[in-house]
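Engineer: According to TrEMBL:
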ACT_SITE  B:Asp307  active site
BINDING   B:His60, B:His62, B:Asp154, B:Asp307  Zn(2+) 1 binding site
BINDING   B:His62, B:Leu63, B:Arg64, B:Asn94, B:Asn280, B:His311  substrate binding site
BINDING   B:Asp154, B:His181, B:His234  Zn(2+) 2 binding site
DOMAIN    B:50-238  domain 'Dihydroorotase catalytic'
Amino acid sequence: MRHLLDTVNLSREDAIRILDVAETMGDVAGREVKKLPALRGRTVVNLFFEDSTRTRISFEAAAKRLSADVINFSAKGSSVSKGESLKDTAQTLQAMGADAVVIRHPASGAAQRLARTDWIDAAVVNAGDGTHAHPTQALLDALTLRRELAARDGVSPTGRGLDGARVVIVGDVVHSRVARSDVWLMHRLGARVTLVAPPTLLPVGVESWPCDVELDLDRALAAGPDAVMMLRVQAERMQSSFFPSVAEYSRRWGLDAPRLAVLPPQSIVMHPGPMNRGLEISAAAADSPRSRVLAQVANGVSVRMAVLYLVLSGANTPEGA
Amino acid sequence: MSASTLIRNARILGGDPQDLLITKGRIQEIGPGGTLSAPERATVVEAQGLVLLPGLVDPHTHLREPGREDAETVETGTRAAAKGGYTAVHAMANSLPVADTAGVVEQVWRLGRESGWVDVRPVGAVTVGLAGERLAELGAMAESRAGVRVFSDDGICVSDPVLMRRALEYVKAFDGVIAQHAQEPRLTEGAQMNEGVVSAELGLAGWPAVAEESIIARDVLLAQHVGSRLHVCHVSTAGSVEILRWAKARGVDVTAEVTPHHLLLTDELARDYDPVFKVNPPLRTAADVQALREAVADGTIDVIGTDHAPHPTEAKECEWAAAAMGMTGLETALPVVQHALVDTGLIQWEDVARIMSATPALIGRLPDQGRPIRAGEPAHLTLVDPAAKTVVNPESHATKGRNSPFRGLELPGRVMHVFYHGHPTVVDGELATPYEEASA
Amino acid sequence: MSQNTGASTPEEERGREVLTAAEIDRALTRIAHEIVENTKGAQDLVLLGIPTRGVHLAARLADKLAQITSRPVDHLLGSLDVTMYRDDLRHQAARTPAPTVVPAAGIDARTVVLVDDVLYSGRTIRAALDALNDLGRPSVVRLAVLVDRGHRELPIRADHVGKNLPTAKGESVHVELTEMDGVDRVVIR
C-alpha cells in the first residue's frame, strides 16, 4: 500500500489486512512499554490545514508508538490566500525528508493532489479532505463494529469482514467525509448500509452509492440494525435552510431516549465526534452502555498505527490503493 | 512579401479540388483544380488534400489584457488564434480594468490592430465592473472605434431579470446583442463541478444543470417579450438544448454557442481532482455531450465558441477548490470539432464553416468576416489537413496558458495555412508573420 | 507425485527430506527433557513460540513437558511476534504481524524459552530479544530450535537444537508441520 487516500479504491483484502494489523497494534496499548520500533528513523509529518486536535493527536500517538519521528505542521492560514500553495508546502516537507505525510485539508481532493503530483515522494495518508473522504475514521468504525460482531459470535475478529451486518448512518451526509468513507468501506466488507437524513442533507447522486437511503429514522431503527452511527450536524446549517430548526431536526433525526429504547439489545451506537449533545444525539444515547464512542477513539490509534506501518514498511510497490 | 498567392487544388468546404488566386487581400479568381496559373512573383501553395474554410471567427475568447498579462496578452492570444485557424476573435470583457468603457474597448481594439494576427473585436461589459448593478455605457462602446456589438458580463451571469430586460432592449438601438453567461448565482454558490453522481462521490459542491437552464428559460422569454436578439454563451446541458429548441420553434431570436470541450469531455475527468478540468460551466455527463453534439448537428446550437481561458500555471497547480476555472482552446478547437462532429458524421465541412465562421461573424456583426469563398470576397481563409493527426502538447502552443484539458490526446486535423487579409499568418502549420495594414 | 515431466528429478521437486515425522517427534521429546533438566522440573518456565511455526512447536513442547512433569503447563505457553522488531522492514514487502500472547503471570524473573523452527542468520532471534525487552525482564532467556542450519550473521546460538543441518546458502530449509501443512517433515530444496 503506497498511500491511503479514500475507501472507494480500497480493496476488501487490503481493508481486512489493515484491520488485522490494527488488532495486533491494539495489544501494544495494554503493555507497559507502549512502543514498537517498526518506524524508527522514519519521519511522519502531520500536515493540518484544518484544526482537528483529536485526529492530530491520534495520528501523533500512532506514529510515536511505532517510534517514528513526528513533525506537526499546522498550516492553517498558510493556504493559497496567504500566498503559500499546497505545492510549496509539500516541497518544503520533501526537502525536510518526510517519509509520510498525514494531511487534513478543507479542500476535497487535497490528499489526491499530493499523491498524484510529483510535488513529494512521501506516502500520503488522508486524514480528512473537505467533504470527500476520511478513510482512517471509516477503518476505525469498521474495527469497532467488527470486534463487536466477533465478540457476539464468540470468534476471533481476525480475517473477517462485516458480512451480514446492518449499519444505519444518520445525519448530514452531504457535508460528511465520514459518511462517504463509511459507505464504501462497510459495503466492501459485506455490511448493508442505510443512510438516513433529511432530503436536503443527501447529495444529488446518492442513488448511485452502494447503500440504501431512508428518510425516516424510526423506520430505519425498526429494522434492528447492528450499529447506528450518528453524524455531527452543525447548527449553522439551519441558516442555509437545510432544516428549519435545531428542535425539528432533533425531533425527526436525533437519537433520543425513546429511539434508543427500540433498538435490539445488541445494537451499538457510534459517533465520529465531536458530539452535539441534544442535537443529533441525546445525552442518554451518548452515555448509554451501547455507546462505543470511547472504543472508537482507542481504535483510532490502532488503525492509524496499522496504516502508517503498512504505507511505510516494505519496498514501495506500485500504488495499490 | 508577394502581392499574390495561388492556392492549388484546395477542397473548398471539403468539395472537389479547386485553384484559388488571392490578390490584394481578396479572392480574385476561383477555378477547377490545375486550371489557374500563377502570376509572376506569386507564392504558390500546394493544397492537395487540404480543406479550405473561411477564416474562423471565435465568438468567445479571453485575451486577459489589460490586467492579466501574466496569463495572456493580446499578442500571445492572437498568435494562438491564428495558429488555430482563426482570423477574428471576440475578446471578452472581464479584463482588469473591465472593458466597460469606450476607453478600454478601444485599447483592446488598438492592441489587436497592432498585433496583426487576427481581427480583435472587443466585447463590452453589460454592467459597470461586471457588478450586475447598473448598465455600462453600452452606446459609447458601440460608437467607439472598436464598434462593439456584443455585450457580455461573461464569467458572471446578468441574473437580475430587470437589468437583463433593460440590456436586451437597450442594445437594439445599435443592433447589439447580449451574450448571456447563464448561471443562476444562488444555485451555484461555492459550486465546483457538475452536480451528479461524480460530485456526490468526490465531495465537491455541485453545480446543478438547472442553474443554467432556468436562466436560459427566463432569458428566451424575456428576449421574445421585448423583441430583442439574445446570444447564449457556452451551453452545457441537455436541458438547455431542449429549452433552446423550444424557443427557436417559437421564433425567439436566440443564438447559442457550445465550447469544444463540452463536446468531448465529461465530469468523470474530475475524479483525480486535476484542476485542468475545472471550468465554468462545468464539464457535464456523457448524455449532455451527446445532446450538445446533436444540437449542433440539427442547428439548435449555432456556433462554436472556444471560451479560451488561459491561466498561469500556479492557478491550476493547487487543490481543486482553490484553482481557477477555465481551459485554453484556440489551438485545439478545430481538431476537437473535426473529431467530435465531422469524423462522427454528424456534420460536414460546410457546416464547420457555418458554425465556426459565418454565423459567429453574423452574431458579432463583422461584415468582413465569415464570408462565402468566392471571387471578390476578402481573403480570410484557413487551410486544414484533415488527415493529419497530432498529439496535443500544450508546451508547444502559442498561448501563454498551459491549461489544455486535451494534453496527450491524439486529435485529427491540422491547420496548415491561414490567410488574413490575404496575408499568410500561418505557413506549413507554423506562425509566419502578422499582417501589416500598410502592406495590404 | 509419481509422474514427472521435464528436466527436474522427483527429489528436486519435492525436496530432500532431512527429518521425518518420527525424527521430529524424537527431537522435540529430547528438547523437552533438556528443558525440564535445565529448569529444575519446569519451574518458573515460560515457553514463547515465534510465529508462525514456532508457535506450534512450542505447543508441542508444552504437551511433552506436561507428560514429563505430570503437571498442566498450558498457562506457561505464549507466542512472541517479532515483525515490528525486524531490521528489514524497509526492504521487504510489509508483513502482517501475528498476535503476541504473554502468559497471565508475565515473564518477569522467569526462564523464557524462545521456540522457533529454523535458526539461520540469527536476525529473527535478535528481533525476538528486543521484543522481549519491551515485555518485561526475564531472569534467563534460552533458545530452542528444531533445525540449526548455520550461516549466522549475529553472535547468537541455540541452547536446544533438534538437528544441526549443514546447508549451502542457496538452499532453503522448509519445516512442515501437520497443524499447517498436513504433514510433519523437514525438507531442503
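Each residue, glycine too, has its Cβ placed from N, Cα and C.
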Engineer: Please give me the binding-site residues out of B:Arg64, B:Asn94, B:His181 that lie within 10 Å of B:Asp307 (active site), comparing Cα atoms only.
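Structural biologist: Qualifying among B:Arg64, B:Asn94, B:His181: none.
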Engineer: Filter the binding-site residues B:His181, B:His234, B:His311 down to the ones within 10 angstroms of B:His60 (Zn(2+) 1 binding site), Cα to Cα, kept in sequence order.
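Structural biologist: Matched binding-site residues: B:His234, sequence order.
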Engineer: Given the binding-site residues B:His62, B:Arg64, B:Asn94, B:Asp154, which lie within 10 A of B:His181 (Zn(2+) 2 binding site) by CA-CA distance?
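Structural biologist: Among B:His62, B:Arg64, B:Asn94, B:Asp154, the ones whose Cα sits within 10 Å of that of B:His181 (Zn(2+) 2 binding site) are B:Asp154.
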Engineer: Mean pLDDT for the domain 'Dihydroorotase catalytic' (B:50-238), rounded to an integer?
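Structural biologist: Result for the domain 'Dihydroorotase catalytic' (B:50-238): average pLDDT 97.
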Engineer: Out of the binding-site residues listed (B:Asn94, B:His234, B:Asn280), which are within 10 Å of B:His62 (Zn(2+) 1 binding site), Cα to Cα?
Structural biologist: B:Asn94
Engineer: List, in sequence order, the residues of the same chain other than B:Asp154, B:His181, B:His234 whose Cβ lies within 8 Å of the centroid of the Cβ atoms of the recorded Zn(2+) 2 site.
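Structural biologist: The surrounding set, listed in chain order, is B:His60, B:Met92, B:Ser152, B:Gly155, B:Ala179, B:Gln180, B:Ala182, B:Gln183, B:Cys233, B:Asn280, B:Pro281, B:Asp307.
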Engineer: Please report how many Å separate the Cα atom of B:Asn94 (substrate binding site) from that of B:Asp154 (Zn(2+) 1 binding site), as a whole number.
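Structural biologist: Answer for this pair: 7 Å between alpha carbons.
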Engineer: Counting only residues 6+ away in sequence within the same chain, which have a CB under 8 Å from the CB of B:His311 (substrate binding site)?
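Structural biologist: Listed in sequence order, they are B:Ala71, B:Ala324, B:Gly326, B:Gly401, B:Asn403.
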Engineer: Validating a neighbour-count step here. Other CB atoms within 10 A of the CB of B:His181 (Zn(2+) 2 binding site): how many?
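Structural biologist: Its Cβ has 25 other Cβ atoms within 10 Å.
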Engineer: Counting across all protein chains shown, how many other Cβ atoms sit within 10 Å of the Cβ of B:Asn280 (substrate binding site)?
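Structural biologist: Its Cβ shell of radius 10 Å holds 20 other Cβ atoms.
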Engineer: To the nearest whole angstrom, what is the C-alpha distance linking B:Leu63 (substrate binding site) and B:Asp154 (Zn(2+) 1 binding site)?
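Structural biologist: A Cα-Cα distance of 13 Å.
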Engineer: Hey, how far is B:Asn280 (substrate binding site) from B:His234 (Zn(2+) 2 binding site), Cα to Cα, in Å?
Structural biologist: 9
